[in-house]
Amino acid sequence: MQGSAAEQKDLPGWPPAVEARGQSRRLPDFLQSVNLKYVKLGYHYLITHLLTLLVIPVMVVILVEACRTDPTDLWQLWIHLQFNLVSILVCSAVLVFGTTVYIMTRPRTVYLVDYACYRPPDHLQVRYTQFMEHSRLCGNFNESALEFQRKILERSGLGEETYVPDAMHYLPPRPSMAAARDEAEQVMFGSLDKLFRNTGVKPKDVGILVVNCSLFNPTPSLSAMIVNRYKLRGNILSFNLGGMGCSAGVIAIDLARDLLQVHRNTYAVVVSTENITQNWYFGNRKSMLIPNCLFRVGGAAILLSNRSADRRRAKYRLIHVVRTHRGADDKAFRCVYQEQDDDGKVGVSLSKDLMAIAGGALKTNITTLGPLVLPISEQLLFFAALVAKKLFNSKVKPYIPDFKLAFEHFCIHAGGRAVIDELEKNLQLRPIHVEASRMTLHRFGNTSSSSIWYELAYIEAKGRMRRGNRVWQIAFGSGFKCNSAVWQALRNVKQSPGGPWEDCIDRYPVQIIDWIPASQH
């Protein structure tokens, strides 16, 4: 039974537009009811499959015409070809030759067979209170420096289980060349032992070795230490990358990829680490105290291959590497700078312009990467926005491509909470996309160039990596550099035995809040 229009107007959810009887059958406002993100998604699918949609009608027409062809016409075509045997042979020879040249010169596929992240022993863990107490008792820091470190820790996003090297647990600390070597050996050999055990590859089978460590470069080199420990073969191609910052891991991958294009049927091992023992800052300049609060012990070993037989067991294949170097600009060059303070104490100074410089490097990097990975729909929207900005209105906001359409997973270098926040905002990512980065920062701290591998291990441990998924690893480093690596999963990937998250993944994600000392609760 229907009530009056006045009664219906007061019902919950009834549109206010039914004041008059003639408006009672009015259609809803579709501009208000349709979610624009679905419109955009439909546009994306339309443009992405535009070629297929155009080709299908053509193929249907060709098939219909072929069905209408008379058998006599086919016989006449065969007779015609018999009288042009030379032409057929020449065309066949050109086709075979071209195919052979293409197969011989095309880039070889580089597979990521497996990787291993170092998990330090529990006795190297450092809690907030322990960190501050040791900083106070060592006697090197004044009250202003101690208060600054406390504030950095509160906002850092680091948890209570990160690791510092053994030499930093003594009072006073005992940094030395011998202690730095011990740290390097523990990290590199610990990750390599696990890698060789999980993959079954013998050290003698490795033909290429690339090691990157920015601040610790002894003689003999770190790569020579690995050659000596594992008795690698005498003709191995070994490289040691130093002073290249937190983005050196991607640079090492790029170097290994280039070498695998030249040397057939070869394994390449990349070891990414950083050394803290001899690079702890014991002065009071605030810009040089930040690394003490953020950098922690960690490292990763990665096994790459160009053998086609390894495709069956490999986790990923390398799709793209894009490198951006802003070192020609003086501000960018000096924004992460190792130097001595006024008292002669060595440390790494971080400029206040770091985030702005990182943003500029990121913009350049994604401008290069975008056309390689983004669907054509996003590229057309970006181009249209650029034209509109240039021709019609300089105040038009630039269109930010939706990289979520290009990648399922993001491994953003866990350089600090501010870095992750800015990339989440500027790339318009959702919390789940930066979860791996935040949790890696919380559990392991900033492990420099290896942090992107702890993040990938987190995604695998969560069971989120599916066949065909694309991963974007992006890292920033001194110089100033922004480097990207793109991988594609070859199967549903699970975490390898002995992974860094093996015994704690069920506790994550955790809510990250600013730390407040118990005395202030």
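Keep in mind that glycine also has a Cβ here, set from the backbone N, Cα and C atoms.
Taken from TrEMBL as is:
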- C246: active site (ACT_SITE)
- H325: active site (ACT_SITE)
- H409: active site (ACT_SITE)
- H413: active site (ACT_SITE)
- H442: active site (ACT_SITE)
- N446: active site (ACT_SITE)
- 102-391: domain 'FAE' (DOMAIN)
- 408-488: domain 'Beta-ketoacyl-[acyl-carrier-protein] synthase III C-terminal' (DOMAIN)
- 1-20: region 'Disordered' (REGION)
- 43-64: transmembrane segment (TRANSMEM)
- 85-104: transmembrane segment (TRANSMEM)
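Secondary structure counts, DSSP: the domain 'Beta-ketoacyl-[acyl-carrier-protein] synthase III C-terminal' (408-488) has 37 helix, 21 strand, 23 coil. With respect to their backbone Cα atoms, H442 (active site) and H325 (active site) stand 29 Å from each other.
Local packing around the active-site residues H325, H409, H442, N446 was summarised as the count of other Cβ atoms within 10 Å of each Cβ; on this measure the leading residue is N446. Cα separation, C246 (active site) to H413 (active site), rounded: 8 Å. Within the same chain, the residues at least 6 positions away from H413 (active site) whose Cβ sits under 8 Å from its Cβ are C246, S247, V419, S437, S451, I452, I474, A475, F476, listed in sequence order. Other Cβ atoms within 10 Å of the Cβ of C246 (active site) number 29 in total over all chains.
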